[in-house]
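TrEMBL has this to say about the protein:
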type: REGION; residues: 24-100; note: region 'Disordered'
type: COMPBIAS; residues: 77-86; note: compositional bias 'Basic residues'
type: BINDING; residues: G110, S111, G112, K113, G114, T115, R221, V230, Y231, T294; note: GTP binding site
type: REGION; residues: 130-159; note: region 'NMPbind'
type: BINDING; residues: S131, R136, R157, L158, I159, G184, F185, P186, R187, Q191, R254, R265; note: AMP binding site
type: REGION; residues: 220-257; note: region 'LID'
type: DOMAIN; residues: 221-256; note: domain 'Adenylate kinase active site lid'
Amino acid sequence: MGFIFVPSYKNLSLLSPVLTAASPAERSRAERSPSLRGLLPPSAQLGHEAPPGGRRSRRRPLSFSPPPAPPGLGRGSCKRQRRRQRAGPGGSCGMAPPPLLRAVIMGPPGSGKGTISARIIKHFGMKHLSSGDLLRDNMQKKTEVGILAKSYIDQGRLIPDDIMTRLMLNELKGLDQHNWLLDGFPRTVAQAEALDKECQIDTVIDLDVPFETIKCRLTARWIHPTSGRVYNLEFSPPKVQGIDDITGEPLVQRDDDKPETVTKRLQAYDAQTKPVLEYYRKKGLLKSFSGTETNKIWPHIYTFLQTKLPDVSQKDAATPR
């Protein structure tokens, strides 16, 4: 029987049995009709196996299926994948935090480490850990370490490696989530190697100040023991010689600031610290800044640190102080 195509037929679904039973020629005409093409079952579409004795159509089957998803992706996987691509190492969306800066500042006693460190803290928000401050705190509290350390300092000798290393590394445990600056540690290669085992140092700032300049600084230094205020008879003297400006209490000279002790300390520092500078120089971490005045050295250090951390202070970064 012949196939009659009725375009105006309102219920096209009724034609499906008729199309299935139609001849190949009639099915071909139906396939070319956009309104009837979707009514053909898979077994009746062109390109499928022909009945016995029939011919296989040369025309390739029409495919309207969407492309398969990449392996491993299911419903919602694309969104999850985009979130993972935007996520940082922690797995949450957003930018990964910048790596923390681990820095060391080195220089002989009296080279200006304390002043430079205070400016670094102010401008770059780093945590400051001074071996000298830590030792003085222990000596003031008369801890076991403090009493032992004082005996070495009174002789103009440096504290043994094992005592200093244990003291400093214990303090660093509380700073693992911060940028930090070590002041006065490490002073020997053994201390530097022990520090390397615990954390990776990023940069070492070396204050290269002549020893004669340091001797003049230290022997002219007097302090107010209660507050820790420091005066220098040459460039920051008290209003009344030997008297604290604020409390009116007497100033004292620390034992390690007396001329004979200063000389011993500088000689001990030179002998033990030069190998440490060479240790960090070979690692490519050492950055030296030479000069006799802290205010002239500081701008160079500031410019250098700006390449590693942003200035977090509220003052004009163009004229750091």
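In case you wondered, yes, glycine gets a Cβ from its N, Cα and C as well.
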Cβ neighbour count within 10 Å of G110 (GTP binding site): 25
G114 (GTP binding site) versus R187 (AMP binding site) - Cα distance in angstrom: 16
DSSP residue counts for the region 'LID' (220-257), split into helix, strand and coil: 3 helix, 11 strand, 24 coil
Secondary structure content, the region 'NMPbind' (130-159) (per DSSP, counts of residues): 21 helix, 1 strand, 8 coil
Densest Cβ neighbourhood among G112, G114 (binding-site residues), 10 Å radius: G112
Length of the line joining the Cα atoms of R254 (AMP binding site) and R221 (GTP binding site), in Å: 8
Largest separation between Cα atoms (Å) of residues that the record links to GTP, namely G110, S111, G112, K113, G114, T115, R221, V230, Y231, T294: 16
Inter-residue Cα distance where the pair is S131 (AMP binding site) and G114 (GTP binding site), in Å: 11
The one of S131, F185, Y231, R254 whose CB sees the fewest other CB atoms within 10 Å, among these binding-site residues: R254
